[in-house]
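Accompanying notes for the structure given below.
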């Protein structure tokens, strides 16, 4: 590959030196100001830009989620955008606590058209920009620093003039030195300070300086250093809201945003699920839920992540990848056996700790391996947390049997049954395919519940001991190889009595382990019983399910005998 055609960032732009940087030691303990730009930066990157109906659906979603600043379009560049801005203003769709933002270049006629679109709105941020990078100054504008700075300051003056024509609107201003990451820091500061001289911001009405990684050009620490330098050196900093707008060209937009925020920024612009030009804008869902996962309130409601994703997919006509953080179909799913086992044990420990604390599990500190957040907190269920394929082990099988079918399999039975499931998975077209919960249940029923040869229990009558330690007797009707027989026995309980009775007709059975549980809560709950037995010297497991625990335990013995005869 022709690596000689490329050069280090320090050679292409400059070597950013912040030797006394403080951002590496800072811990993010609050949410930034958010601005969602799905309707503008996101929309302009779509193969088929949003229709008015899709735009409105996206806007309403962002409002419901709690975004207070929403960039709604580029009204001077598109009649569709102009009409949409007019629609949400005239129809009263903008809540009192939401400020719309509109984008414009610095040309006078475009600024004028932008203000026309916003007439009648209560609160508006006018976002004007021009590119300041070394490369664009040379190849696009063919202009020197002074000329490019003049574009920005002339645009600022025109914005102030137009705002005066609409005194009933609360105007705020945002300026972006576009392609900031390709601009010398000292020059970026110079242009921003010159714009501020025109706008005359105050702490009560600050200007927003948005420093976009229009193209991501270096590692996130370089971006963070540049943000800390700008935050320290901008004039009149108390009257400035420092905003970030990272793109994802190098795949590190989230890291750049988080480090830039730690470095002194106040605000972040992005799109839900990272839509945007080329590789996209920074993902607002990832940023917000990263905060949430560390106990910081993002001030945005992600409690129904699937509804959010469906709406975004509909509006953008683009799918959200299955592995996208927090929102993808597979992000809370484990196929690996060791992962499944750890998750299963973690959930069991959570349940145990909640019971010990007499608390609801939803109120407990979340601590489950491999799951950074509780899927339920974003509206997911546990049904898809563990899925079984040829890479899975007993933990995954045990989890699904308990979560989906109410069976808490003993550990050795987990191991035995997981082998059968692995054989099924490896036999799926020879490709290690997935085994669904239904397929798993069908296999379990076929292996442990269905066989009726050589032994089938028909009915029984149990006479319990009147005193503890007394003898229980049983009379049972069974079929042996299809022929009905009456058997009787006694023992220290129904199970022992039944085993004794079976011995009288030639079945050599010794119970090695036994457990039981209700499969659900309530008076009508089914009971499950598990028997590990030695049948004619062969150790096998049997399972019984019935409305009564006595019948379930006898069925488990019958299951073990029939499995031993295979």
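Cβ coordinates come from backbone N, Cα and C, glycine included.
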Subject >> Site-mate of 245, 247, 281 for Mg(2+) in Swiss-Prot, selected among 25, 29, 41 >> reply: 41
Original post:
Can you list, in sequence order, the residues of the same chain other than 41, 245, 247, 281 whose CB lies within 8 Å of the CB centroid of the Mg(2+) site?
Top reply: 37, 212, 213, 214, 246, 253, 269, 270, 271, 276, 277, 280, 282
Subject >> residue 41 (Mg(2+) binding site): secondary structure state under DSSP, collapsed to three categories >> reply: helix
Subject >> Which same-chain residues, if any, lie at least 6 apart from residue 247 (Mg(2+) binding site) yet have Cβ under 8 Å of it >> reply: 212, 213, 214, 215, 216, 253, 276, 277, 278, 279, 280, 281, 282
**OP:** Check the binding-site residues 41, 245, 281 for other C-beta atoms within 10 angstroms of each C-beta and report the one with the most.
**Re:** 281
